[in-house]
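Input: a single structure, listed below in structure tokens.
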Amino acid sequence: MKTWVKIVFGVATSAVLALLVMCIVLRPSRVHNSEENTMRALTLKDILNGTFSYKTFFPNWISGQEYLHQSADNNIVLYNIETGQSYTILSNRTMKSVNASNYGLSPDRQFVYLESDYSKLWRYSYTATYYIYDLSNGEFVRGNELPRPIQYLCWSPVGSKLAYVYQNNIYLKQRPGDPPFQITFNGRENKIFNGIPDWVYEEEMLATKYALWWSPNGKFLAYAEFNDTDIPVIAYSYYGDEQYPRTINIPYPKAGAKNPVVRIFIIDTTYPAYVGPQEVPVPAMIASSDYYFSWLTWVTDERVCLQWLKRVQNVSVLSICDFREDWQTWDCPKTQEHIEESRTGWAGGFFVSTPVFSYDAISYYKIFSDKDGYKHIHYIKDTVENAIQITSGKWEAINIFRVTQDSLFYSSNEFEEYPGRRNIYRISIGSYPPSKKCVTCHLRKERCQYYTASFSDYAKYYALVCYGPGIPISTLHDGRTDQEIKILEENKELENALKNIQLPKEEIKKLEVDEITLWYKMILPPQFDRSKKYPLLIQVYGGPCSQSVRSVFAVNWISYLASKEGMVIALVDGRGTAFQGDKLLYAVYRKLGVYEVEDQITAVRKFIEMGFIDEKRIAIWGWSYGGYVSSLALASGTGLFKCGIAVAPVSSWEYYASVYTERFMGLPTKDDNLEHYKNSTVMARAEYFRNVDYLLIHGTADDNVHFQNSAQIAKALVNAQVDFQAMWYSDQNHGLSGLSTNHLYTHMTHFLKQCFSLSD
């Protein structure tokens, strides 16, 4: 999510002798009284209006030294780094003529697609209307126009071929003005999905709106077909403005239910009618039972890599397949299958990592757990067992950005041993022994401790985007020397706007409790005084593979609560959270709802021992998985919490999606893990809400965590005759957007102020 550095090693009172504290003060308070008198606290209106939001700059790379970007006046501009020249390739007038909100340049630079009429569907998916603009004659392409609305559209990597998905079928155009060639014919709404994922694959496996992939030179097009014919359907009412509500139906496999059947096909787009789509075989050890397809990576035009998972998700198989021209088929020999298995949890982190192939087109780099249980980069040439470990240590490699002939760029949380930081590293792989350099560790060190990067072709240039803890900044760098070339975005307006704001202080610390490390971020009022007592709000997510304690910049609702309302807010990363090794990550395997809750409670007790927390005014709140954890913490019977809020909580793992739930819990069957499914519900603890103030919130059109979850909590509380508060948002999904957002945060603020006896 979201400077001077000070290390404090404290020896505390006898009550906390077991507590080791390491502290970074991220936002020191201003000390000049004359300045303080002219400064104001944050207001809720500031947050709801997005007054202090920041900008980032990610170049839209189109070559090794060129990128596109949209200027402040909405012209599409091409910038050449080496010449320093820029020119407008598409005017704002052309964009405005079709109300375009997005664009895409064809690789041959002859055409641009313009996207308008954006209509959101689920988390990543949306439909839109597309227009093709011919840059050579300055006119829109007429004749054989694209149908509308389109579910997905993309250019081939070379030339100006187009592939698009319309009404769940895939179409191909050799040129934008040509008639389309229909590749699939069996697409049906909510039944068969071609080239786009169904709900569960979009949300829980692919994390994209598309399921088709061009080969590097555009010869082949691979795509997934998802068959949801036998999947149970979730149905909910959408009230709208009509006399009768309409019913939304989504094929949605819950834990233990039948899953979509997935198949992968590849078609030669040069002569698509000649042979037609060819199916890629599934590895035998995967195909013998229920399985998932997890990703596809093209290696060359005639070599492709597919990744598969068993339904249990502790075994992943990477399969490298080659095109056999004589048979016009794809061959996936067993000798090119690489197996990744976890014996202590699930395979990978949240997802199984994807390979980054080297220039020999057979060996690759991949992140997976080493023998010490930390996720690191490995080089695989023949088998996973013979993999060469590239990085090592009690920290984790996060992402491989780019591999060139002589360098590998990646991110990790190694520097100074803070798991909530991200720095960019370069390893020289063209020399022996390989040398490692941290590109970002000492760049604007006080301001920037959390980076990501975007690379041009061959890593000739790259952009760094720093997310904090100071105000975010985006910069352009030479990929050979790492020298900074220019600042792309430094958020000067935001910096000036914050000069007269009393921001809260932020500290990142860690607790060592019973051989478990609990990192936490504490947000303190601007005039914080350790001799005083403050109300405490715990903000929790706590889901497997998540991380809340990060060195990022944010001015948000909890910033306001600290700045204006004088609350202390804490975020704690307990067992099950990511980037601190498998021991912590896999501790929650097959027992969700236990250690995540225990660790929040443990942290609260340690906070009380620090002496500045009013133990009679402690609250907890969370959203989604965080709503589940906050509910269980409130119902723990500890007496620690006076009140709490759950927004769109899961209430029983039998109600949630199969792909996500079974990854961490196994199956809800008697011979697997049904007992813990039953024991981990919020409803089973209804009686324990009697001594807390509980606010339950949900959107009625939540496609992700269904309203069913909160309805069952409410029913259990009513049956137990427990008083509680509830707020629902009609026709709102999991994100509670638009005017609902303002209402939500205003309502939650009133609830907390009433709980803590704070005046309006």
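Placement of Cβ uses the backbone N, Cα and C atoms for every residue, glycine included.
Remember, it's a predicted structure, so these values are computed and weren't measured experimentally.
Database features, via Swiss-Prot:
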ACT_SITE  Ser624  active site, charge relay system
ACT_SITE  Asp702  active site, charge relay system
ACT_SITE  His734  active site, charge relay system
DISULFID  Cys321-Cys332  disulfide bond
DISULFID  Cys438-Cys441  disulfide bond
DISULFID  Cys448-Cys466  disulfide bond
DISULFID  Cys643-Cys755  disulfide bond
CARBOHYD  Asn49  N-linked glycosylation site
CARBOHYD  Asn92  N-linked glycosylation site
CARBOHYD  Asn99  N-linked glycosylation site
CARBOHYD  Asn227  N-linked glycosylation site
CARBOHYD  Asn314  N-linked glycosylation site
CARBOHYD  Asn679  N-linked glycosylation site
TRANSMEM  5-25  transmembrane segment
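Features recorded in Swiss-Prot, as mapped to the structure shown.
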residue: Asn99; record: N-linked glycosylation site; Cβ neighbours (10 Å): 13
residue: Cys321; record: disulfide bond; Cβ neighbours (10 Å): 24
residue: Cys332; record: disulfide bond; Cβ neighbours (10 Å): 20
residue: Cys438; record: disulfide bond; Cβ neighbours (10 Å): 14
residue: Cys448; record: disulfide bond; Cβ neighbours (10 Å): 28
residue: Cys466; record: disulfide bond; Cβ neighbours (10 Å): 25
residue: Cys643; record: disulfide bond; Cβ neighbours (10 Å): 21
residue: Asn679; record: N-linked glycosylation site; Cβ neighbours (10 Å): 11
residue: His734; record: active site, charge relay system; Cβ neighbours (10 Å): 20
residue: Cys755; record: disulfide bond; Cβ neighbours (10 Å): 21
Starting from Asp702 (active site, charge relay system), work out which of the recorded positions listed here (Asn99, Cys441, Cys643, Asn679, His734) have their Cα within 10 Å, and give them in sequence order.
His734
I need the CA-to-CA distance for His734 (active site, charge relay system) versus Ser624 (active site, charge relay system), whole Å please.
8
What's the CA-CA gap between Cys332 (disulfide bond) and Cys438 (disulfide bond) in angstrom, rounded?
38
Quick note, Ser624 (active site, charge relay system): same-chain residues at least 6 apart with CB under 8 Å of its CB -> Tyr541, Gly543, Val647, Ala648, Pro649, Val650, Asn704, Val705, His734
From the recorded positions Asn49, Asn227, Cys321, Cys755, pick the residue whose C-alpha lies nearest to the C-alpha of Asn679 (N-linked glycosylation site).
Cys755
Got a sec? Which of these glycosylation sites, Asn92, Asn314, has the most Cβ atoms within 10 Å?
Asn314
Take the C-alpha atoms of Cys466 (disulfide bond) and Cys643 (disulfide bond) and report the distance between them in angstrom, rounded.
36
Least Cβ-crowded entry, counting other Cβ within 10 Å, from the glycosylation sites listed as Asn49, Asn227
Asn49
Once near-sequence residues are set aside, which residues in the chain of Cys441 (disulfide bond), 6 or more away, have Cβ atoms under 8 Å from its Cβ?
Phe415, Asn423
